[in-house]
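Trainee: Pulled these features from TrEMBL for this protein:
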- THR193: active site (ACT_SITE)
- SER162, THR193, ASP194: substrate binding site (BINDING)
- 33-44: compositional bias 'Low complexity' (COMPBIAS)
- 88-296: domain 'L-asparaginase N-terminal' (DOMAIN)
- 314-417: domain 'Asparaginase/glutaminase C-terminal' (DOMAIN)
- 1-56: region 'Disordered' (REGION)
- 635-655: region 'Disordered' (REGION)
- 508-540: repeat 'ANK' (REPEAT)
Amino acid sequence: MSQPLQHPGPLLRSDVRQPRAAQAPPPAPTGPAPGRTGRLRGAPSFPRLHATSTAPRLVDALSSPGCPRRPPPPQVGMARALGPERRLLAVYTGGTIGMRSEQGVLVPGSGLAAVLRTLPMFHDEEHARACGLPENTLVLPPASPDQRVIYRVLECQPLFDSSDMTITEWVQIAQTIERHYGQYDGFVVIHGTDTMAFAASVLSFVLENLQKPVILTGAQVPIHALWNDGRENLLGALLMAGQYAIPEVCLFFQNQLFRGNRVTKVDSRRFAAFCSPNLPPLAVVGTDVTINRELVRKARGKAPLVVHSCMERDVGLLRLYPGIPAALVRAFLQPPLKGLVMETFGSGNGPTKPDLLRELQAAAERGLVIVNCTHCLQGAVTSDYAAGMAMAGAGIVSGSDMTSEAALAKLSYVLGQPGLSLDGRKELLARDLRGEMTLPAGAEGWPSLSHSTLGRGVAQLLTLSQEADAVRDAVVPSLACAAAHAGNLEVLQALVELGSDLSLENFNGQTPLHAAARGGQAGAVTMLLRRGVDVDPRDEDGMSPLLLAVKGRHWDVIELLRAAGACLSPGELEDAGTELCRLASRADLEGLQSWWQAGADLGRPGYDGRSALLVAEATGNLEVVTFLQSLQGEAGAQAPGPVSPLRTASTKSSP
């Protein structure tokens, strides 16, 4: 699959209808003759992307072996969205969502756009006719009174089972996005779930300087089935890409929007197939949409989109196990392997047998780049143990809390960058490039106010006379919130010493306590509470620090806030029953425990009158059932501590 593909003539005509010439004859067809395949003679069988049978084929050309920087190809497709219209491109690569049953097994099914056209939730036929939209263009029902989402579906030929997808295919998907980047407001990639986490991770590194959302989605059950998750997932991805400016590669599944390089597939049967072990979702969809705005990465100004097609293919993944022979490791580390992600025990530990460490060190010395990732679902690689120190001493780079999928994609990206030394590549691997890793405390690069140019400038600003009061008042809240979210106690203390008020609100109405609670920074929360800040401030959305800690599952922060007297307000508890039922249906025990620790009544009914316990019993989530039943003997199934005024009133009025 290394041969470059060539464009078979013109690319793709514009989706916007052109003025029709009087009695002009139709142009001659440019596609293959009927009955022939669309494959180019002598070309490899990578999928050629096309809109529908009425549109010419799209073929993405690979870069030459030297990977020179190509000028962007001519951009065709939909015109730029004007006014309330949001225009999206959906790339359908295959996967369960469109599969059909043949001889008792599921096989890729084509014609997804035609299927979506028959479903009112995916296409408003009346509006499409009124606007004269082309046949290959679909429009969703109104997302809001003043907004429409219009989209096209490009379909791969042939369609893929995601188990057959490789870096080559993912790079070509990125090049398709690049070619149509100027004509759309966002992109949805419909992909099989088995390798979707790998695809999302690779695309996050291949696509640099994103200004628009790229959202992957798929399904556990085909969309043709009566009971399926494909409709909800695809509709959610289209709406998130069309309504929210989240300039990242994301993955939308089961009403949650994740950062793409933070997810892993954890269940082969349940609809909740993906989780983000070390980062909360960027957004959660329920009765409303909650965006974790502080987690969303900001676009880098107006920098142009860059597609990195030079990804190193000779990288591998090795999972250590007790007693693994050094000879087996030596065989695995031989050329042409250039990079390795090694899954180790616990917090980055491995066998300390001298022969095994010698093999790893010898491989590192001859230029093989090795990244250490834990095989635990949650947590990070540290050097707390001698076994972990031994790994670091062998020249292995810490992968922090990256998933194996993200580490493999990042390694492929870094090794594909030209002109870097071995040390330069290792330094790049240790940096957070696309939000794929959480740097250790103190490694975020926060400047000291007394030991950096920026810090001295801020300190000077804060000590200016009255003519700078307005500027100072605008800067301090945002600076304090940023420091609190990162847990940078040095900056917070410096602000205190300069006379700053750590209870001031930023432009979102959030205080530093909000930021610290959202970021799970127990140290910053402790410092702020000791400074006497209000324990229950509300931001513009009516959220308290306690609710933000609950949503982030930061149990230590919840405990600190509750001990200081924080409680959930009646407004925050209004839809809690529905949220609890949602968590119960997903077997999300940690989420339920967070609400319980915050003092919420886990017996609150949802919108349909059912409690979380009834939902858990109906969905067969036995662990959740056991937990909720264990609380039934306790008053209101609440954790001890401060109670919401609403709950107190209802308890007193009960017979």
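Note that Cβ sites are derived from N, Cα and C of the backbone, with glycine treated the same way.
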Trainee: Looking only at the repeat 'ANK' (508-540), what are its DSSP counts of helix, strand and coil residues?
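Mentor: Taking the repeat 'ANK' (508-540) as a whole: 17 helix, 0 strand, 16 coil.
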Trainee: In sequence order, what residues of the same chain, 6+ apart, have a Cβ less than 8 Å from the Cβ of the residue listed as 'active site'?
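Mentor: Listed in sequence order, they are GLY95, THR96, SER162, GLY218, ALA219, GLN220, PHE253, LYS265, ALA273, PHE274.
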Trainee: Going by DSSP assignments with H, G and I as helix and E and B as strand, what are the residue counts for the domain 'Asparaginase/glutaminase C-terminal' (314-417)?
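Mentor: Tallied per class, the domain 'Asparaginase/glutaminase C-terminal' (314-417) gives 39 helix, 21 strand, 44 coil.
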Trainee: Starting from the substrate site formed by SER162, THR193, ASP194, give every other residue of that chain whose CB sits within 8 Å of the mean position of their CB atoms, in sequence order.
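Mentor: Those within range, site residues removed, are GLY95, THR96, ASP161, SER163, HIS191, GLY192, THR195, MET196, GLY218, LYS265.
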Trainee: Taking the residues SER162, THR193, ASP194, which the record names as binding substrate, find the longest CA to CA distance and state it in Å to the nearest whole number.
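Mentor: Overall maximum Cα spacing for these binding residues reaches 7 Å.
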Trainee: For ASP194 (substrate binding site), which residues of its chain lie six or more apart in sequence with Cβ-Cβ distance below 8 Å?
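Mentor: The list for ASP194 (substrate binding site) reads ASP161, SER162, SER163, LYS265, given in order along the sequence.
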Trainee: Please report the DSSP secondary structure of SER162 (substrate binding site), reduced to three states.
Mentor: helix
Trainee: Summarise the model confidence on the domain 'L-asparaginase N-terminal' (88-296) as a single mean pLDDT, whole number.
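Mentor: Average per-residue pLDDT within the domain 'L-asparaginase N-terminal' (88-296): 94.
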